[in-house]
Structure formats: C-alpha cells, structure tokens
Amino acid sequence: NINWPIAVHSYSSSMISFNPSNFFSLCNFCLDFWICFLLCLSWYACVCSLNITQCTLFSQCSVFGEDSHSRSLWVIPRATARDVCHLLVQTAHCSDQENWALIELHSALGLERVLEDHEVVVEVQAAWPSESDTKLLFRKNYAKYEFFRTPVLFFPKHMISDSADVTKGMTSAELIQNLLQSGTCPEIQGFLHVREPSRKAWKKVYFFLRRSGLYCSTKGSSKEPRHLQYVADLEDLNVYSITNSRKLYGAPVDFTFCIKPSKDRIRAQDLKLLCAENEQTRTCWTSAFRLFKYGRQLHCNYQLSQSAPRLQEVVSQRCESEASLVAMDFSGKAGGRVIQNAWEAQSAEKEEGQAWRRREALRCSLPNLTPGSRPSSIHRTQLWFHGGVSRKQAQRLIEEQGLVDGMFLIRESQQHAQCFVLSLCYKLKTKHYLVIPCEEGGRKYYTMDDGLTLFIDLLQLVEFHQINKGILPVCLKHPCVCVAL
C-alpha cells in the first residue's frame, strides 16, 4: 500500500536522483548496441561463408615461368590446360597467344611432358606426391600438333608396320587420316633400349605399339602371339621425355623417354624407361602414344588452336607454306610478271639478296631505341636474342620449345669475339651459323656468306631470312622466346 511517487521520491532523495528520461536513453543505447553486435556477427558469418564458397568453387594453381618466378592463379576445378594458358597469356601480357603450353616437370627424376589442352589441371596436380619438387611450367611449344602438318617427318615408313591387314602400305599422312576417320591404326614397331627392373643394365628389345597397348617380343622381332608380351595399356599411361638421362639412369644415348600409369604417384621404381637410337625415333614413339591414346580428341584440340584469334597477323602470314610464294619480276613497265623458269627465279633471288644491303633504314628512328644508342644494338630488345648462352644451352632451349623447322634464336659467340651465332632447327636437328661483323665504306655490317650479303644489324638479317632462305635450309619462322611471369 505504498504510493509509488512517494516511494521513488524517498529512495532517490536518500541515494541518487532518478530521471525517467535517462532511464529510457540507457535502454535505447543497449538496444542499439545489441543490434550493431548482431549486424557485425551476421557480416562475419557472410564473409566466412564466402571464403568457404571460394575454396569450394576455386582451386589455387601455381605456374612457373622460365625465369624461375611463379604466379598463383585461382581456377575452377574443371579448368583445362588451355584455360590456364589463356589466363596466363592475358596476365603476363604476352605478345601472342599461340603455341603456349603447360609443362609438367619433375626435376629430381628429370621427367617432363606437355599437358594436353583438354587435361584438367587440378586432376593432374592431385597425382603428384605431397612432398616433391614437381611443378608446372609455362612456355612455348611449337611441336605439340606439328605431326598433323608434317606427318612424314614424325612417322617414317620403316616404323609403320606392314602387317597383312587393311593398313598395309599406309603412308604417314594416311595413318593419321585413317585413325581420325575410322578409329583404326597400324602398328608402330622398332627396337628400343629398355632398362631392366631393379637393375642398371639396358637391353635392346623389339616393341610394337597398337591401339590395344604396348607389346614387346621375347624372340627377336617375331609377331607370333606366343612371343608377344603385354607391357602397358594406352588408356592408363602418360609418356614423359627425360632430360640428362645418361647421368640419372645410365642410358646408352640421350634420346630417352618413359611411360607410367597416369593415376599413380610418380616413383622412380615405377618408371618404364625406354631409349631410342635418335631423335626422330623417339619423336615417332612419343607422338604415336599421344595419337593412339587420344585420337580424335587430339585433332579437336588442334582445330581449336587453329581457330583461336590471332593477335599478330604478320606473324601468321610469315608462317605460311613456302609453296604459296612465287618469284615476281617488276622491272618492266607493264607491271609484274610471274617468273616460271627455275634458273631465272634462282638468279632473281640472288640479285635481291645482293641488293638488300642498299635498302638501308635509319634504325635510330625506331621508338624502342634509347637516345645515344647505336643502331647495331637493336637486337638486344628482340625476343629471339638470348645473349651469351652456350651452344648446349641454345640446343636445349630449342628442344624444349619443340623441334620444328624454322625455329631459331641468335646468341653471342663464345669462341669468336664480336661475332654472333644463329641457331636454327631443321629436320629435328639444331644447326649453327656464324654471323661475322665486317666493314665496308667505313660502316659496320653483318654477314653469314663471306660478305656476299650484308646487313646493317641483326634485326635486318632476321627480317631478310624470314622471307628468303639465302644460305639457310629453311626460312626463319618461329622465334625461340622466354617469358617471365
């Protein structure tokens, strides 16, 4: 029976003064605090869920350039090697987007292979050992689909089986066409050195590659079923080339490759090491493994690479077949005429080469030269110039980017002062041509034919030989370049 205002008045007068407005302000403050707390809590939960979603929808992929620097990318789980290459071309600001590839490299074992464009990168990485030096490299590879263009170079006749079936007498071009159209293929056969299991010795064995798998003969080159031994299934293996195989595995020659199951983790004891007599034989076997395993899928990859948009039309025009070029004579008043006589065309080519030195350009006016620099030093800004690399390193660079006709680089000579060397690939071999400086009329020139044809700098030399063979066996087509990520 206490009167509320009196009780409150008596309590506040003895203890503290009470203001109803302060009470309601405190309640509003507490309410606002809890609302903010709940908002922050919900925001944190959203961020965590986004991170979880990102980890679920994307995978991290690290790719190394040829300068040993890496770039990390977030890719979807089903991203293919083609997708990653296109992404790297954009992020690395490459001058062109053709002929790039991802290379699976196992440094300790000396193994490397080019990932097919349709292979899923995350699945490839899942087969790697947890603690290893395995990595992906991003670099040029001109030979990935070269056997579709020049099958004769990749599949010599003596390695195509002439067994008594529908494929008897089949040429290299017919081999590919028959495989793509009907799915049937002949045998690839030949002797290979094989390293015996748990031993360092190598033994020469006759092998047969069929669509059903790889077989070897236990008695010479006999094809009788009782002499055939099953080695591996094409559907469940990958083919790797081996670098420095003599030192690592005691191979008789350097043309070594190996096969292993694609889903098993790589271990040295699981490798099937094979060694060919020369580069053409090794290329035939490794190309046949790819073609027999993937077939039409490989041809689809090739067609997609051909239909990709080109950033440099000039480069694509220079890479056209030399058969599409004709000799023309523009000396008359009635316009140009096609030179049909072979001797006359050869004479015109020689005259053009001798007259090339008269058409000198002022290289100093080019924008990529710094003030005060000499015109002859413009080669240092070009992608095909590799400085003071050795002969062995130059051959290794060309081999890594694919042994195709016309691939080249220029380097400084280690044996001749102030000279350069043009390293050129032709028929799966690397040839080297000495570029010598000389003077005429008080001016410095470069020549490869004892002064018959002179060039004011190396850039002019390269541009000339991109459209004229000169003393070379083939025109310069593909520059050997190194990209930094």
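Even glycines carry a Cβ here, placed using N, Cα and C.
The shown structure was predicted, so the numbers you read here are calculated from the model rather than taken from an experiment.
According to TrEMBL:
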{"type": "DOMAIN", "residues": "63-143", "note": "domain 'Ras-associating'"}
{"type": "DOMAIN", "residues": "185-294", "note": "domain 'PH'"}
{"type": "DOMAIN", "residues": "384-480", "note": "domain 'SH2'"}
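Counting residues per DSSP class in helix, strand and coil order gives 18 helix, 34 strand, 45 coil for the domain 'SH2' (384-480). Across the domain 'Ras-associating' (63-143), DSSP classifies residues as 17 helix, 27 strand, 37 coil. Within the model, the domain 'Ras-associating' (63-143) shows a mean pLDDT value of 89, rounded to a whole number. The residues of the domain 'PH' (185-294), classed with DSSP into helix (H, G, I), strand (E, B) and coil, number 30 helix, 41 strand, 39 coil.
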